[in-house]
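Annotated in TrEMBL:
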type: TRANSMEM; residues: 6-23; note: transmembrane segment
type: TRANSMEM; residues: 30-52; note: transmembrane segment
type: TRANSMEM; residues: 64-82; note: transmembrane segment
type: TRANSMEM; residues: 94-113; note: transmembrane segment
type: TRANSMEM; residues: 119-135; note: transmembrane segment
type: TRANSMEM; residues: 147-164; note: transmembrane segment
type: DOMAIN; residues: 150-274; note: domain 'EamA'
type: TRANSMEM; residues: 176-193; note: transmembrane segment
type: TRANSMEM; residues: 205-223; note: transmembrane segment
type: TRANSMEM; residues: 229-253; note: transmembrane segment
type: TRANSMEM; residues: 260-279; note: transmembrane segment
Amino acid sequence: MIIFPLIAVFAGAITIVLEKTILSKQKVDYRLFVVTLFLLLFLVSTFFAIFWGKISPSALNTNYLWLLIGMVVVACGWNILLYRGLQQEKVVEFELINMLRPIAIILIAGIFLAAEKNLHTFLAAAIASGALLVSHIRRHHLVFDRYSIGLLGFVLLAAIEAIFDRQLLEVYSPSALYAVRTGLVFLSLWLVFRPNFRRLTSQNILSIFILAIIATSYMTFMFSGFKDFGVVFTTLILTLTPILIYFFTVVFLKEKLRKRVVLAAAIILACIIYATLAVTK
C-alpha cells in the first residue's frame with residue numbers, strides 16, 4: 001500500500017525534531033543516546049514482530065547471513081555518525097546534508113539493484129531530489145567541519161544499507177527485519193560504548209521511548225515501501241519529509257513561507273504522481 005511510505009514521511013519529520021531535542025536541549029551524550037535508543041527500538045519492534053513478523057528458513061543461507069552482517073556493520077556506522085553530527089550541527093545545516101541522502105540512495109540502488117532499473121521512476125526521483133536540494137541551498141551554506149564531514153559519511157552509509165535491506169526483505173517481513181536489525185545493532189553498540197544508563201533522567205527515558213515508537217513506525221513503513229514498491233520509488237516519496245518539516249515550521253513556528261520551497265513541493269508531488277502512474281501501468 002502506498003500509504004505506508006506516506007506515513008513514513010510524517011514519522012520521519014517528527015523523529016528529527018525529537019532527536020535534536022533530546023541530544024541538544026536535554027544534553028544526552030550521543031553514545032548513551034544511541035545505545036538507549038536501540039535498546040528501546042528493539043523492545044518496541046519485537047512487540048510488533050511477534051504479531052506480524054515472518055522469517056523464511058532461507059534467511060539462514062550463507063548469502064543472507066553475510067548480508068545481515070553487512071547491514072548491521074553499516075547501520076552501526078551511520079547511526080554513530082548521524083547522532084554525533086546531529087548533536088553538534090543545527091537542524092538547518094543537518095537538513096542540507098540530509099537532502100543528499102535521496103540522491104545517494106537513488107544512484108546506488110540504480111547501480112546495484114537490477115529490479116530498480118526503471119527509467120521513469122529513476123528520472124522522477126532524480127528530478128525530485130534536485131528540486132529539493134535547490135529549494136534549500138540558496139539561503140544557507142555549509143562550512144564543513146569534522147561533524148558535517150561525518151554526516152556526509154552517514155549519507156553514504158545509509159544509502160549503502162538500503163541495498164542490504166532490500167535484499168534481506170526477500171526472506172524477512174519488514175517488522176521482523178527491523179526487530180533483528182535493532183537487536184543486533186544494540187548489542188554491537190553496547191559492546192563498543194558500554195554507557196552508564198544511570199546518567200539518564202526519567203524525562204530522557206520517556207522522550208527516547210516516545211521516539212522509539214515513532215522511529216519504529218517510520219523504519220517499518222519504509223521497509224514495507226522498499227519491499228512493495230522498491231527502494232527508488234519509496235525514496236522518491238520520502239523526499240517529501242524535509243518539505244513537511246519546513247511546512248511544520250511555517251505553521252507552528254510562524255516562519256516565512258518561501259516560494260522556492262512551495263515550487264519544490266509542487267515538483268516533488270508531480271514527480272510522485274508521474275512515477276506512481278508509470279509503476280502501476
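Placed from the backbone N, Cα and C atoms, the Cβ positions cover glycine too.
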For the transmembrane segment (147-164), which stretch among 30-52, 64-82, 94-113, 119-135 has the most Cβ pairs under 8 A?
94-113
What are the DSSP helix/strand/coil residue counts across the domain 'EamA' (150-274)?
107 helix, 1 strand, 17 coil
Give me the stretch from 30-52, 64-82, 94-113, 119-135, 205-223 with the greatest number of Cβ pairs under 8 Å to the transmembrane segment (6-23).
205-223
Whole-number mean pLDDT, the domain 'EamA' (150-274), equals 86
So which residues does the transmembrane segment (119-135) touch in its own chain, when a touch means Cβ under 8 Å and the partner is 6 or more beyond its ends?
99-100, 102-103, 106, 110, 230, 232-233, 235-236, 239, 242-243, 258, 260-261, 263-264, 267-268, 271-272, 274-275, 278-279
With pairs closer than 6 in sequence left out, are the transmembrane segment (94-113) and the transmembrane segment (30-52) joined by 3 or more CB pairs under 8 Å?
no
Using Cβ atoms and a strict cutoff of less than 8 Å, what residues sit near the transmembrane segment (176-193) while being 6 or more residues removed from its termini?
31-32, 34-35, 38-39, 41-42, 45-46, 48-49, 52-55, 68, 71-72, 75-76, 79-80, 165, 168-169, 216, 219-220, 223
State the non-local partners of the transmembrane segment (205-223) in its own chain: residues 6+ outside its ends, Cβ under 8 Å from one of its Cβ atoms.
4-5, 7-8, 11-12, 14-15, 18-19, 21-22, 26, 28, 33, 36-37, 40-41, 43-45, 48, 165, 169, 174-175, 177-178, 234, 238
